Amino acid sequence: MSTTFTIDTATSRATPTPAPMKRLTVPAIQRRKVDGRTAEPLVMLTAYTARQAQLLDPHCDMLLVGDSLGQVIYGLPSTLPVTLDMMIAHGAAVVRGSYHSVVIVDMPFGSYEASPQQAFASASRILAETGAAGVKLEGGEAMADTITFLSQRGIPVMAHIGLTPQAVNALGGYGARGKSEAEHAKIVGDARAVASAGAFAMVVEGVMEELADIITDAVAVPVIGIGASARCDGQVLVAEDMLGMFERTPRFVKRYGAMAETISDAAARYAADVRSRAFPTADQVYRPKK
Ligand code: KIV
């Protein structure tokens, strides 16, 4: 799919304006899984900014404004300090920068766990203030009532089970889940619970491959894997991981770019040009017309 943005050159950054086009919908995403199978896997990437959304959107079915933005762009030690206002600001930017993908915004830690009513207040702000199509929240069986409450009130919910980063303190780290029989059974139970509660899809993160396969077969809604299995109904990665923005590549990431090297190299060449007065040249300065 090619990018169909037209460039508005009146603005200082020539911001592309999306060509009018019908956006994918949550029901359309759900319908991709037929009789327990998804013929064409769903493509999801995280996006946090309008420009990033413009570049990723034509290639994706869903863009996730993940609370991973806390670590990726704010340099926070975990996702726990991320606020609802941060998610709303970035969610609105990603909606403005996309025209095709379904945009899902993460509900940050502390904005939904207390009660279904608290979750509704936060989720309704997200949808109203960003224009996103749905929210994602972490947790399995314990979140089932909240998922039902939201879905019955017009808020599409993507669940997130397995390794749930907002529970890092309880889990003791970011290691893969589902290694013991008890944990395996608990995660399968979580998957069934969130699907029955009305989640339109679920992210399954950081679990044993076999467990991801069992979950994918066990539920009727699309299962989006990250560190899970190629047999999931779709895959998601943090875009910056996939683009090679970081030196460390976690096991579940495949690098499709080398952004860290590209940026460092460009900055080094710019710095050298400034220091040697090779930049700016006559091409980059204003002179009276002759
Ligand atoms: O916050 C995030 O980016 C996520 C994905 C890793 C699934 O939840």
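Every residue gets a Cβ built from N, Cα and C, even glycine.
Note: TrEMBL annotation is automatic and uncurated.
Site annotation (TrEMBL): Mg(2+) is bound by Asp106, Glu138, and the candidate from Asp57, Asp61, Asp67 recorded at this site is Asp67. Neighbours of the 3-methyl-2-oxobutanoate site: apart from Asp67, Ser68, Asp106, Lys136, residues of the same chain with C-beta atoms within 8 angstroms of the site's C-beta centroid are Thr46, Leu64, Val65, Gly66, Leu69, Thr79, Val82, Met87, Val105, Met107, Pro108, His160. The secondary structure of Ser68 (3-methyl-2-oxobutanoate binding site), as reduced to three states from DSSP, is coil rather than helix or strand.
In this structure, the C-alpha atom of Asp106 (3-methyl-2-oxobutanoate binding site) lies 9 angstrom from that of Glu138 (Mg(2+) binding site). As a whole number, the greatest separation of Cα atoms within the 3-methyl-2-oxobutanoate-binding residue list Asp67, Ser68, Asp106, Lys136 is 12 Å. Residues near Asp67 (3-methyl-2-oxobutanoate binding site) in space but far in sequence (CB under 8 A, at least 6 apart, same chain), listed by position: Thr79, Val82, Met87, Asp106, Met107, Pro108, Phe109, Pro165, Gln166. Every protein chain shown contributes to the tally, and the Cβ of Glu205 (active site, proton acceptor) ends up with 23 other Cβ atoms within 10 Å.
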